[in-house]
Amino acid sequence: MPCHNQQLNNNSESPEHAAKHVRFAQSSAAAAETCQNDAEQPEYQTTSEIHQQIGPQLKLLPLNDQIRELQTIIRDKTTSRGDFVFCADRLIRLVVEEGLNQLPYSECTVTTPTGHKYEGVKFEKGNCGVSIMRSGEAMEQGLRDCCRSIRIGKILIQSDEETQKAKVYYAKFPPDISRRKVLLMYPILSTGNTVIEAVRVLTEHGLQAKHIILLSLFSTPHGARSIVQEFPDITILTTEVHAVAPTHFGQRYFGTD
């Protein structure tokens, strides 16, 4: 458990580091020009452009080679299911750890086994998780591995066959959820419609959007932008913003592909 409440600072990053934060199909200027000439390739956008469009509500895990490799394995169509689940669980754990770092802490003093006083911090009470079924359930174990006693609610949202709009079929939350900080778990943000409906249900239960931290692994610019436009006070934490989201995640993780 971290002993500090570190905030991600995406505005002060160097151009070189920023270029590694958000990656699209092509990363060089020449490749970006190629993308514009090829309608099948996603358009290149820089980190600063994404943050101007979406705002500070979007927080990215600092990119390193470990995260980049996990992203690559998850996206690779030749990856076995065993390796897929293993790498997905590792990436989920990293996202959950940083999500916990966004929750409020309070200072405390403890006594060490040698009798010395130590000034530290501890979580403030009143946190819970909510998974959007089914793919969001893949993130539950990662949260429980970090917070053994945390309460987790569930919500099931599917597209209506006639209207194609997101429809809530099941929702169960802790009775006092309106007073809690919520880690909302949904690994892939594609259109953002499912998350928007889930947040709408949570706000109908009295929860303020500013108390919701959305944990995801991958997001499209459109998905993140749509969510922030609908709920400007929400926080979105993800590892990558890319024009193409690995929408096969749920099927691969649960072995139904």
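In case you wondered, yes, glycine gets a Cβ from its N, Cα and C as well.
Keep in mind that what you see is a predicted model, and the values were worked out from it rather than measured.
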Of ARG68, ARG144, ARG180, residue recorded by Swiss-Prot at the GTP site of ARG81, ARG90, GLU124, LYS125, GLY126, ASN127, ARG151: ARG180
Tertiary neighbours of ARG151 (GTP binding site) (same chain, Cβ under 8 Å, six or more apart): CYS128, GLY129, PRO174
For ARG134 (5-phospho-alpha-D-ribose 1-diphosphate binding site), the number of other Cβ atoms found within 10 Å of its own Cβ: 15
Residues within 8 Å of the THR247, HIS248, PHE249 Cβ centre (excluding the uracil site residues themselves): ILE188, ALA245, PRO246, GLY250, GLN251, ARG252
